[in-house]
2 protein chains.
Amino acid sequence: MSQYKTYFIDLDGTIYQGKIKYPSGKRFIDRLKKAQIPYLFVTNNSTKSAIEVAKNLTENHDIATTPDQIYTSAMATADYLKATVAPHATVYVLGEDGLQEAIVNAGFEVVNRSDVDVVVVGLDRNITYDKLTVATLAIQSGAQFIATNSDTNLPTERGMTPGAGAIIAAVKTATQIEPLVIAKPELPIMTGALQRMAVQKSDVVMVGDNYQTDILAGINSNIDTLLVYSGVSTHDQINRVLKKPTHEVETLDDWII
Amino acid sequence: MSQYKTYFIDLDGTIYQGKIKYPSGKRFIDRLKKAQIPYLFVTNNSTKSAIEVAKNLTENHDIATTPDQIYTSAMATADYLKATVAPHATVYVLGEDGLQEAIVNAGFEVVNRSDVDVVVVGLDRNITYDKLTVATLAIQSGAQFIATNSDTNLPTERGMTPGAGAIIAAVKTATQIEPLVIAKPELPIMTGALQRMAVQKSDVVMVGDNYQTDILAGINSNIDTLLVYSGVSTHDQINRVLKKPTHEVETLDDWII
């Protein structure tokens, strides 16, 4: 019998790297499918919808995936709002289509003004000074400040371009207010993922390549972790941290399900 | 004989407040003129040229001013580059016209690409993700990171909108590099002002309403300071700081030149 009944799995650096396929990532998912073990891809990305992320896995990485197997920080943000904010709350969104859609789909009124109940900030590659200003004035007036994720950079073909964390830093500086952050390594995305899969923490393992996001998300929420050395974190870095991952493998081929 | 031979004077909150005239500010400048004491307006603003700032004082606040009486953080940035960077250095400017002009006028080649020697970041109300990306990639590749000023907010009719410090925080987060900051309370703008006026520190007093910028600029550079309670800083705040201003007045009418 398998050690874990459900897998939470990071994407970039774990199952693929940008446009580069990881054969070990595909084989890992194939083995989970064969063993009929449920899994959920848990990603800090807030700009793409579940449909787009599933399509990318299916078409570009030969890993057949349905949208219900995807949990983005945008979806986690929408779930968090549903769980904590009044149903008719107004929301100003500084973010891209994936985020706007997730919040509208959750039933909230997304408006373009600063007298709102909640401001949600994520990566927005169409950032303007006016958008920064509306978010800033709204938070100064008492709107709750929620950040999808605090990733400082986005790996792209141009290099490590600014991530959601850069946009959020601008709003933090202009408001002197700390946001509530939804995505890994923070708790809300893990709470949301557990509820989506209707599983207990002790039955789950969080798989990822990044200690600062994936592994700390597991540690912070008392979920076992599996670090794979195929992306961001290195042996040197892990040797220096006090709280180690539950498991470590060089590639996902080394992991026995 | 006057106590100080030269005055460095802040503008917003000291001589006027936005579009609001301060009669005591005008009377203070009139008295300096009558006593034939030289003065320089030293402002953290990087978006306007000296000509524009002088025009605003002359036309909107009835204080006849020439451009050579203005020293902006953009001008101080240009002076700093002239003093420290090779003459043919390339510069990427993330900032508005006043900053672009000052650096071009100082003889540097301002280019729109990331293989540059220096990146200068100031307030840019036409900020785009592409501009943030070019600045980020340039600094990651080793370009020197210079910030005109770190003011978190800009007082406007809409409210306290994001200042240069917000834009700079985004670039700091995406690069994990601290900028060299030119404007008050940092040293370079004071060094530049002293050189422009060809005066010694002991002959100068820095006049302003903001302890965190104006007064600390004086304290950090061993220049006497005069705090006027007509703007940002309050008695409560000054009671709590360890390093007091040299002098304090309720309005500039209370200051004997």
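Each residue, glycine too, has its Cβ placed from N, Cα and C.
A:ASP209 is the residue from A:ASP130, A:ASP151, A:ASP203, A:ASP209 that TrEMBL records in the Mg(2+) site together with A:ASP10, A:ASP12. A:ASP209 (Mg(2+) binding site) sits 8 Å from A:ASP10 (active site, nucleophile), taking the CA atoms of both as reference points.
The local packing around A:LYS184 (substrate binding site), expressed as other Cβ atoms within 10 Å of its Cβ over all shown chains, amounts to 32. Cα-Cα distance from A:ASP10 (active site, nucleophile) to A:LYS184 (substrate binding site): 10 Å (rounded to the nearest whole number). Take the CB of A:ASP209 (Mg(2+) binding site) and look out to 10 A: across all protein chains shown you find 23 other CB atoms.
Neighbour counts of Cβ atoms within 10 Å were compared for the recorded positions A:ASP10, A:ASP12, and the top value is held by A:ASP10. Other residues of the same chain near the Mg(2+) site, with their Cβ within 8 Å of the Cβ centroid of A:ASP10, A:ASP12, A:ASP209, are A:LEU11, A:GLY13, A:THR14, A:ILE15, A:GLY208, A:ASN210, A:ASP214, A:SER230, A:GLY231, A:VAL232.
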